[in-house]
Structure formats: C-alpha cells, structure tokens
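Visitor: This is the structure I have questions about; it appears just below.
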Amino acid sequence: MVRSRSSSSKYPWQYLTVSYYFKRPQRLAFICVLLFCGTFVVWDRLTINREYEAEITRLIEEKIILQNQLEELSKNLGDIGQKIHIQQKLKEIHLGNWFHDDPLNVERRNTIKEAMLHAWTSYEKYAWGFDELQPQSRRGVNNFGGLGATIIDSLDTLYIMGLNEQFQKAKSWITSLDFNKGVDTSVFETTIRVLGGLLSAYDLSGENIFLEKAKQIADRLLPAFNTPTGIPHSFINLAHGHSNNPGWTGGSSVLADIGTTQVEFIALSQRTGNVIYQEKVENVINQIRQIFPNDGLVPIYVNPYTRRASSKIAFGAMGDSFYEYLLKVWIQGNKTEAVKHYREMWEQSMEGLKSLIKKSTPSSFTYIAERSGGSLIDKMDELACFAPGMLALGAYSNVSDKSAEYMQLAEELAWTCYNFYQSTPTKLAGENYYFQQGRDMSVGTSWNIQRPETVESLVYLFRTTGNETYREWGWQIFKAFEAQSRVESGYVGLRDVNSGAKDDMMQSFFLSETLKYLYLLFSPPSTIPLDQWVFNTEAHPVKIMPRYGSKHEEKDSKRTSGGNEMTTNIFGRKEGRP
C-alpha cells in the first residue's frame, strides 16, 4: 500500500495559524529569531539611510554656500582678469609683438596703395586745384568753397603711404593757397577736412607751412563762434566773416557740427601757444553740459541763442561725431583731470546708447535705432557704423568693469555693418537701412558714396583684438569698391547698390578716410599707433601732446603720456616705409 502525502502538503495554510507553531516549539523559536534579525536589518538600513540623507542635505547646503562664494569671487576675479587681459593686449599692441607682417599683408597693402595712386593721379590730371573730381565727366567741381579739399584731405594719406613725390607736389600747391573766398562754407566740413588735414600734415612732416595755413583758416572760422552762447553757426563766409544757420534747421546749429571742432582747435592751441582756439571750442562743450540730459543723448539741433536742443536723437547723420569727440578729446588731453568731464559725458552717453540698441529677427543683427520723442525708429545709417570703432577705442583706452560690455557691443554692431555690405547685390552698403520684424534689414536710401565708417571700425577692432576676421571683412569691402566703383579716371559712387548704377563723384574722403583706413588695416599697428595719435573724424591723425594750459596740467599730461614729445616718425623702430 502506497503511503499518502503528508497532511502538511495537503493543507499549506496551516503554516499561517498560531496553533501550528505552539505544537512545534523549535519552529516557533526559529521564526522568532528570523523576525528579530529581519527587524534589525530593516532598522539598520533605515538608520543608515536617514544619516545618508542628512549628510547629503548638509553637503548640498555647503555646496550652495561655496557656489555663492565662488560666483562672487569669480565676478571679482573676472573684472580683474578682464583688466589684466586688456592691459596685456594693449601692451602687446604697443610693442607690436602680436603682429606678423606676412607677404599677404604686404601684397594687400600695396594693392590698396595702387588704388590710392589711381585715385590721386586721376584727380591730378582732370581736377587739380578743385575740391573734388567728377571721374566720368573728367572735370573738377568746388563743393567746399574752392579750397582744394581733395589735395588737403589727401596729404596725410600720401605721406603715410610713402608717396613722397605726390606729397611734395601737394605741398607746393598749399604754399600758394588763399583762403579769402567770398562764399559761404561749412564750418564743420572746413574744420575736419582743411584744418584737420593741415594739422595732420604738420604733425607728420614737421613742415611749418602746414601749421601757418592751419592758423590762417582757423582765424577765418573763429567769427562763427560770435553768438550769445558761443555755440557756432554752421556756415561762414571766409572773406568777410558773416556766419549763419540754414533755414531747414529752424535757425539752430547741428549737434555734430558744433561738437566736432574740439580736436582740431585744441590741437592748434597746443601747437601755436594761442589759447583762444581751445577756449572757443571748450566753451561749446560747457554750454552743452548745461543742457546735458541724464541719458547723455542730445537732440541733433541746438539753438545758439538759447541753448535749446530739439528734434530727434541719432548716432547717424547730424549726431554721430559729437559722441566720437567726447572720447577723443579725453584721449587727446592725455586723460588728465582737466579733460575728465569729457570721458564722464561719453560714458553717460554710452549708457543712453543702450536704450537705442535693438535686435532684428530672425538673424539677431544688433542695430542702433533713432529716437523721435518717445518712439524708436527702426533705422540705422551707415554713418552710425563709426560706433563699433568708438566703443572699441573707449574700452581699450580706459580699462574698467564696462570694457567687456563695450567690446561685445562693438563686435555685434560691426557684424551688422559688415552685413550692410554683404546683403546687397553689389556688396557695397546703402546709405541707411530699415529693420522689420521677421525680415531683418532692407536698404532704405540706396546710394553708396564711398563712405569709410565701417572700415574705420574694422581698423579699431583689429588693433584692439588682433582678430584676423576684421581684416578679411575689410578686404571683401575693398574688392567690392574695386569691382563696382573703379573707372578709368578714378573712383565713383553708386546711385543704387542694387542695380550698380554709377554716379559721377569721387569724394575727397574716399582718399582721406576709406583708402587710408584700408591701408592701415593691413599695416603694422606701429604705423600711427593708437596710444600716440588721435584720428579726427576725417581720419586725419593728430599727435597726442601735452594739453595747453597751466604748467601743472602740462606736467600731469607728460607724466600720463610717458613724457612723449611730438615726433614726425610715424613708424616703429623696426618698421620702415612699406
């Protein structure tokens, strides 16, 4: 007979009853030990877990504290690091250690020099003595009072490029130049082109004839400052000294006009010892200080009788170089206490500039809007493309916690300005651009008159960063001028950057600014170094000298500038003429 299965196999639920274990003491003891051990293990694990969580919480709190301390330390070290970086970069630029003048630079520089020769010989052949050349008509025109604007504007470009024969011929013409012209001429244009050009030629060559002529033209401009406030009129008759403002300004003077005489007139006082020139133009700034708004943005019209400022805010036409000269007069004055207020005004204006900064969509081009009343106008002039260079110079000339911010904005704006060129079929920029959401930029006024502002900014950005990209951009712009503007008898502008239709004018500033800045872009930084020269708004370099004033100011200036005396050597010790 086969034995049946045990009852325990038959009834498995019996293990769940208490009576089962009371009848079997050994099994009960085993279960108790098992429960005790299990409870101990669970309790131990829970305790360890709680301790672990407490430790994690403590470490997280310590991490947060350390992060906060690190962020504060990083901020402080970042400011110091930025200063150290910029100071080291500035030192490298002064020494020229970072620049390698390779064969490509030399080739490009010589190509630009050939372009200058083509422009100059065309003017010389068809328009000698006139203000400007009409290349397609092959004749000269007088747009600036018949003062030979192209000759004077080109003096320093010829000198810097080593075109001595051409420079000497221009100098001979200057010798017989007579400023007794019975026509109304722009105080602003005459100051930046003629006075600035003569002062620069004097500083570069040391030839006294240029300083004598600079004094003559400045004396003929002085009556324009004879207004109740000392704010000058915009136009003057050089023969009899009568000055006036045009009707379209409502009797007001233009901000860029009155704020763009300081570099030249102060330089003349420094070189002649006659303080009258400096006093006249510094009074203008003192007058503006009395109406200077909190945001540092001055309307483009200023009444010379009441000081009342009106109309729009703009970093383009009629506003631009006022802000440029606030910075440059401070540099020209050796950054001393006597000119401290210029830098303070400039920084105040740069804070105001932030309120005009906008970005396009979809490409996020940074641009400077204009302001009329309380509204922003989504328009930017090519003229405003001087701003990237100004910001770079401002960051580099005074290392501060704002330097990195200035440089970032400069680089963003430069990219926009370069795309003013790249966005057209001819690869030349229009006069201004409008921005619309979702459409980025579009050309407004479609002519190109050979303006230099973008190339100017590329020079400052290259010299302050060493970034080769800016030179490549400049080369692309030069190639576009060669392809679109060069004709048999000079260079012309375009009536329309979309169609490529040409005009009939070679602007004097094409020789003075555009070609000069392109040449400097591919030259060693020791050619017109930024710590020794200041460019006026027509690209005429003026030597930084001790500020004219008290002996205390002059000692302070010499100490600040390292005691540099004026010299006619524009090249570093290791560089000669290219």
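Cβ atoms are placed via backbone N, Cα and C, with glycine included.
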Visitor: Any idea which of 49-76, 77-104, 245-272 is down as coiled coil in TrEMBL?
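Guide: My reading of TrEMBL: the coiled coil range is 49-76.
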Visitor: Which residues in the same chain, at least 6 apart in sequence, have a Cβ under 8 Å from the Cβ of E189 (active site, proton donor)?
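Guide: When sequence neighbours closer than 6 are ignored, E189 (active site, proton donor) has F144 within Cβ distance under 8 Å.
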Visitor: Fewest neighbouring Cβ atoms within 10 Å: which of the active-site residues D320, E431, E453?
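Guide: Across D320, E431, E453, these active-site residues, the one with fewest Cβ atoms within 10 Å is E431.
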Visitor: How big is the gap, in Å, between the Cα of E453 (active site) and that of E431 (active site, proton donor), rounded to a whole number?
Guide: 11
Visitor: Using a 10 Å cut-off between Cα atoms, which of these recorded positions sit near E431 (active site, proton donor): D320, C385, C417, T537?
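Guide: Final answer: none.
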